[in-house]
Amino acid sequence: MESAADRLARAAAQGRVHDVRALLEAGVSPNAPNSFGRTPIQVMMMGNVHVAALLLNYGADSNCEDPTTFSRPVHDAAREGFLDTLVVLHGSGARLDVRDAWGRLPLDLAQERGHQDIVRYLRSAGCSLCSAGWSLCTAGNVAQTDGHSFSSSTPRALELRGQSQEQS
């Protein structure tokens, strides 16, 4: 027999708002992991902002981390281009400054996929590419962040910039 946590995760993954609401109202925890160890907010249909809002209103952890990839729901929303869901997650306390297992921020993922609306939102929320340190930055990221394009002189400029920041 399928557990309540599995039913809630499946309903969230399929974007079935009515079923998600019914299960939450019946007392199923929005943070209970399914049989694969994932919570409903981790497996929800990212494009259904109503499911996200409902789970969050019932106390889902907007910062839950995937134990394998270290990604969080904001990484998924940014990568897949779901601005409305990202806004709801952020409004519920989701951190935008966390990196996944490959060192990528949600902003990096949105930039890689060309989701400029998400890039604009994340920048307006105070995010910047490579905000956690130079070791994980690419030269192109830093050049773009500063409003420049990448050129053959960029690596030397980055080296000098990094040295001046270390001395500060």
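Glycine too: its Cβ is placed from the backbone N, Cα and C atoms.
In Swiss-Prot this protein carries:
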- 3-32: repeat 'ANK 1' (REPEAT)
- 36-64: repeat 'ANK 2' (REPEAT)
- 69-98: repeat 'ANK 3' (REPEAT)
- 102-131: repeat 'ANK 4' (REPEAT)
- 148-168: region 'Disordered' (REGION)
- SER152: phosphoserine (MOD_RES)
- SER164: phosphoserine (MOD_RES)
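Nonlocal intrachain contacts for the repeat 'ANK 1' (3-32), taken as residues 6+ away from its ends with a CB within less than 8 angstroms of a stretch CB, comprise 38-41, 43-45, 47-48, 50-51, 54-56, 58-61, 64. Confidence in the repeat 'ANK 3' (69-98), given as mean pLDDT, stands at 96. Beyond the ends of the repeat 'ANK 3' (69-98), by six or more residues, the same chain brings 41-42, 44, 46-49, 52-53, 56, 62-63, 104-107, 109-110, 112-113, 115, 117-118, 121-122, 125-127, 131-132 to within a C-beta distance below 8 angstroms of the stretch.
Across the repeat 'ANK 4' (102-131), DSSP classifies residues as 17 helix, 0 strand, 13 coil.
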